[in-house]
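The structure appears below as structure tokens.
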Amino acid sequence: MAPYSLLVTRLQKALGVRQYHVASVLCQRAKVAMSHFEPNEYIHYDLLEKNINIVRKRLNRPLTLSEKIVYGHLDDPASQEIERGKSYLRLRPDRVAMQDATAQMAMLQFISSGLSKVAVPSTIHCDHLIEAQVGGEKDLRRAKDINQEVYNFLATAGAKYGVGFWKPGSGIIHQIILENYAYPGVLLIGTDSHTPNGGGLGGICIGVGGADAVDVMAGIPWELKCPKVIGVKLTGSLSGWSSPKDVILKVAGILTVKGGTGAIVEYHGPGVDSISCTGMATICNMGAEIGATTSVFPYNHRMKKYLSKTGREDIANLADEFKDHLVPDPGCHYDQLIEINLSELKPHINGPFTPDLAHPVAEVGKVAEKEGWPLDIRVGLIGSCTNSSYEDMGRSAAVAKQALAHGLKCKSQFTITPGSEQIRATIERDGYAQILRDLGGIVLANACGPCIGQWDRKDIKKGEKNTIVTSYNRNFTGRNDANPETHAFVTSPEIVTALAIAGTLKFNPETDYLTGTDGKKFRLEAPDADELPKGEFDPGQDTYQHPPKDSSGQHVDVSPTSQRLQLLEPFDKWDGKDLEDLQILIKVKGKCTTDHISAAGPWLKFRGHLDNISNNLLIGAINIENGKANSVRNAVTQEFGPVPDTARYYKKHGIRWVVIGDENYGEGSSREHAALEPRHLGGRAIITKSFARIHETNLKKQGLLPLTFADPADYNKIHPVDKLTIQGLKDFTPGKPLKCIIKHPNGTQETILLNHTFNETQIEWFRAGSALNRMKELQQ
């Protein structure tokens, strides 16, 4: 391999030199660091301003806030083609964040790139591998023991390549980012679909797969299809039991799980000022559930207040100077506009099984009775990256305190997940944690826990029909506890707390009464709590590891016999031929999320070992042939068996295969394992009615063909026993459909067209076998 300096020169020549943001204007102002942890990495609003002005002159129209931040980070603002929903933008993100479940594969890919240091500030956050069993400290100790090999790999890889490392117990990635790294106008990418949480602090924060993160860490311009912009105008003000969570629950009901695909959701209007900064983060966080690229709020005094309280008053002061670039222009155009009067917004609860099935809390009991959903609530769970702020915990404690005053405790089991060590320490100091314990709650570790399926649930048997209510973001079938009969509903933390006290979905805290131990009836008053502590936050324990200045002696070891970690082998290049006689591994019926494609929960321990985790490929998807999960016909033996076993059989016998999917295939998590696994086991194409954004990109990155039916009705022409030939790959060009020949067992054939969204760069990924392979080609 060529020397590192030569490789970098070649990469820069081929892909564009990273613009290090220095301008004479900045010299006249005090430099402000991006974070306390990176004192030599500065915020460069001057370059943002310069790029915005270039684009504004070109487009000659008012700009949305989303456009200002995105176009302000263009690699070449003077010549970049800009057309919403069509052109691919080459961007220069400010930083990268990775959680431990996705960081393993991202760092393994970065190691494979041959580069010696990350080109932008980057961090790893240990939050996904801690299973909830009995409570915080014990669960954390157990996780450190079980996951020692993975934590050691991530810590040493971070030290070797210049990546900050947040140790297990530090908190959930998105809360840590909000407290320390997000700021107005930042462009941040994260290997988690809820990265948009940072939009609550006025940043464009986008969830991506690990391969995208590798590009940015390598200093390569990052590609994003120019997003459309959906405006949500907020009027009135929140009050009573209505909360920020109800805004996004309402929006999800309007837009559905795919209504935001390819768009940034931009909140604006006079109602914004009635929402706290962390409340805005809640709304942006759950924007992932409508398929949005990200969501964002304009910079205002609530953000300034939060920045100051988290020790970043210097950033707030700098943002004040550039505020015109951190809010939308008057008269800017939105591709779609939704208006919500916050004064009329009622508390909502969404579910079960999908986050866009919205109900007012006042009506969900009647709907549940009609649908036959279990009314009794077995467990109420508050916290998660969506709702674990100081204000969230305070409002829940305010509800709990009223019940305790009347001698009541929860009828349901009740758990609390602090979002970070800082939140945990502060709610302990200020008494909120004890109030919630007194109600019957168990405080879990500062981690994702049950929200992502890390829950060793003991109170039910698998297959037992039951209801849980959470303040989380997703409620897909089996997501929280691997039980397909758990009816999970998402709502605000204070509503979860009230429902856990009552123990039933039929309870409406706005109108219904509870009976105290003295026999007297009382009604819960709407909770009120401070959005931020009156004093300073308590930082708690120090859980951050700085990368050393000199990492030349740092080693990163991956044992060849490890069951948790595995160095990556490059995928084969395209052989230059059309794809002939592809076997159909599975024709999926209905919803197929990344949880269905690559389950989390007990499988998280294999996130760094591609071959082992591939044993969960599509085990949650429903086979249209028999209506069952993880049961497909082997076309050779004609026997039904698990999906991964069948895929391995095909791979062993040189049979290439394809998956047929329905609408919004791959919605949910950003996990790129859902793309790596089919590629590893011999898949060549995924053909669907439509894709979720992140998953479609992840498939392209790994050399697969994500294709969509030109006519969605053609989905019905394909049967699981057919074979498919995909033609036109020799002339594979942007915008030109590919031809698919369907070969039926009776000898008849049909020809259909398949669309794609590949651009020239992405076609090169396919030809090279993967984006990582293409990166290596450019180094030679």
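Positions of Cβ are set from backbone N, Cα and C atoms, glycine also.
LYS31 (N6-succinyllysine) falls outside any helix or strand according to DSSP and counts as coil. The number of other Cβ atoms within 10 Å of the Cβ belonging to LYS31 (N6-succinyllysine), over all protein chains shown, comes to 13. Residues annotated as N6-succinyllysine in Swiss-Prot: LYS31 (among others).
Just so you know, the Cβ of LYS50 (N6-acetyllysine) picks up 16 other Cβ atoms within 10 Å once every protein chain is counted. Feature annotation from Swiss-Prot assigns N6-acetyllysine to LYS50 (among others); the stated evidence is similarity to another entry.
Here Swiss-Prot flags GLN99, ASP192, SER193, HIS194, ARG474, ARG479, ARG607, SER670, ARG671 as substrate binding site. Over all protein chains present, the Cβ of SER193 (substrate binding site) has 28 other Cβ atoms lying within 10 Å.
Here LYS138 (N6-succinyllysine) comes close to no residue that lies at least six apart in sequence on the same chain with a C-beta under 8 angstroms from its C-beta. Swiss-Prot lists LYS138 (among others) with the feature N6-succinyllysine, giving similarity to another entry as the kind of evidence.
Look at Swiss-Prot and you will find LYS138 (among others) tagged as N6-acetyllysine. Mapped onto three states, the DSSP output places LYS138 (N6-succinyllysine) in helix.
Residues annotated as N6-acetyllysine in Swiss-Prot: LYS144 (among others). LYS144 (N6-acetyllysine) is surrounded by 16 other CB atoms, counting those within 10 A of its CB over all protein chains shown.
Using a 10 Å radius centred on the Cβ of LYS233 (N6-succinyllysine) and all shown protein chains, the other Cβ atoms total 17. According to Swiss-Prot, the feature N6-succinyllysine maps to LYS233 (among others).
Per Swiss-Prot, N6-acetyllysine is recorded for LYS233 (among others). LYS233 (N6-succinyllysine) falls within a strand when secondary structure is assigned with DSSP.
Classification of CYS451 ([4Fe-4S] cluster binding site) by DSSP places it within a helix. On its own chain, CYS451 ([4Fe-4S] cluster binding site) has LEU381, GLY383, SER384, CYS385, THR417, THR470, TYR472, ASN473, ARG474, ASN480 as residues at least 6 apart in sequence with a Cβ closer than 8 Å to its own Cβ. Residues annotated as [4Fe-4S] cluster binding site in Swiss-Prot, with similarity to another entry given as evidence: CYS385, CYS448, CYS451.
Long-range neighbours of LYS411 (N6-succinyllysine) (same chain, six or more residues apart, CB within less than 8 Å of its CB): ILE377, ALA500, ILE501, ALA502, GLY503, THR504. Per Swiss-Prot, N6-succinyllysine is recorded for LYS411 (among others).
For the compositional bias 'Basic and acidic residues' (528-537), same-chain residues at least 6 beyond its ends with a Cβ under 8 Å from one of its own Cβ atoms are 276-279, 302, 305-306, 309-310, 389-391, 394-395, 397-398, 422, 425-426, 430. Under the heading compositional bias 'Basic and acidic residues', Swiss-Prot lists 528-537.
Residues annotated as phosphoserine in Swiss-Prot, with a large-scale study or a structure entry given as evidence: SER559 (among others). According to its DSSP assignment, SER559 (phosphoserine) is coil. Around the Cβ of SER559 (phosphoserine), the number of neighbouring Cβ atoms within 10 Å comes to 12.
According to Swiss-Prot, the N6-succinyllysine annotation covers LYS573 (among others). Cβ environment of LYS573 (N6-succinyllysine): ARG767, ALA768, GLY769, ASN773 lie under 8 Å away, each six or more residues apart in the same chain.
As annotated by Swiss-Prot, N6-acetyllysine applies to LYS573 (among others).
According to DSSP, LYS577 (N6-succinyllysine) is assigned to coil rather than to any helix or strand. For LYS577 (among others), the entry in Swiss-Prot reads N6-succinyllysine.
LYS591 (N6-succinyllysine): 22 other CB atoms within 10 A of its CB, across all protein chains. Classification of LYS591 (N6-succinyllysine) by DSSP places it in coil, neither helical nor stranded. According to Swiss-Prot, the N6-succinyllysine annotation covers LYS591 (among others).
Cβ neighbour counts within 10 Å, taken over all protein chains shown, single out LYS743 as the most crowded of the modified residues LYS577, LYS743. Counted within 10 Å of its Cβ, the other Cβ atoms near LYS739 (N6-acetyllysine) come to 14, all protein chains included. One residue stands out among the binding-site residues CYS385, CYS448 for having the most other Cβ atoms within 10 Å of its Cβ: CYS448. Per-site Cβ counts within 10 Å over the modified residues LYS723, LYS736 peak at LYS723. When the neighbouring Cβ atoms lying within 10 Å are counted for each of the recorded positions (ARG607, LYS628), the highest count belongs to ARG607. Candidate recorded positions: LYS50, GLN99, LYS591, LYS628, ARG671. Nearest to LYS739 (N6-acetyllysine) by Cα distance: LYS591. Looking only at the recorded positions ARG474, LYS605, ARG671, LYS689, LYS730, the densest Cβ neighbourhood within 10 Å occurs at ARG671. Across the compositional bias 'Basic and acidic residues' (528-537), DSSP helix (H, G, I), strand (E, B) and coil residues number 0 helix, 0 strand, 10 coil. Among GLN99, ASP192, SER193, HIS194, ARG474, ARG479, ARG607, SER670, ARG671, the residues given in the record as binding substrate, the maximal Cα to Cα distance rounds to 20 Å.
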